[in-house]
Amino acid sequence: MKEISERQLPCDVQTDAIDLESIRAFFNEKEKELSVAVAKVEELTRQLEELRRGRVQPAPPSAQELDKLLRELMYRNKLNEQQNIRLLAQRAALGARQEEMRSIDRRVSELQARLLRKRAAPVVQ
């Protein structure tokens, strides 16, 4: 019977750890992008409110640019939300895989222990 090397198991766990770390880095990157986007939205909202109150009389092209930027920002926010949802799903899947891996590791350990006990038991004839 072929025994599973203990070196193989940590490799799978290590791969999962690397996957988790890359997901965390991706999430942090998206979180930063979202923070920047929120700041832009707040600034554009402030500018829009000033326009509505008549404090600033910009040229029509700048108002059009402001509207364009606001629409683009809303679009990017929606994309970020979708990416965050996908990221959460990937995290959940990774967690499930890690739990499955731990379960498999426990089962392998149990089977190895049983095999060792059987080998150590005296042969009864």
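Every residue, even glycine, has its Cβ placed from backbone N, Cα and C.
From the options 27-54, 83-110, the stretch TrEMBL describes as coiled coil is 27-54.
In this model, the coiled coil (27-54) carries an average pLDDT of 84.
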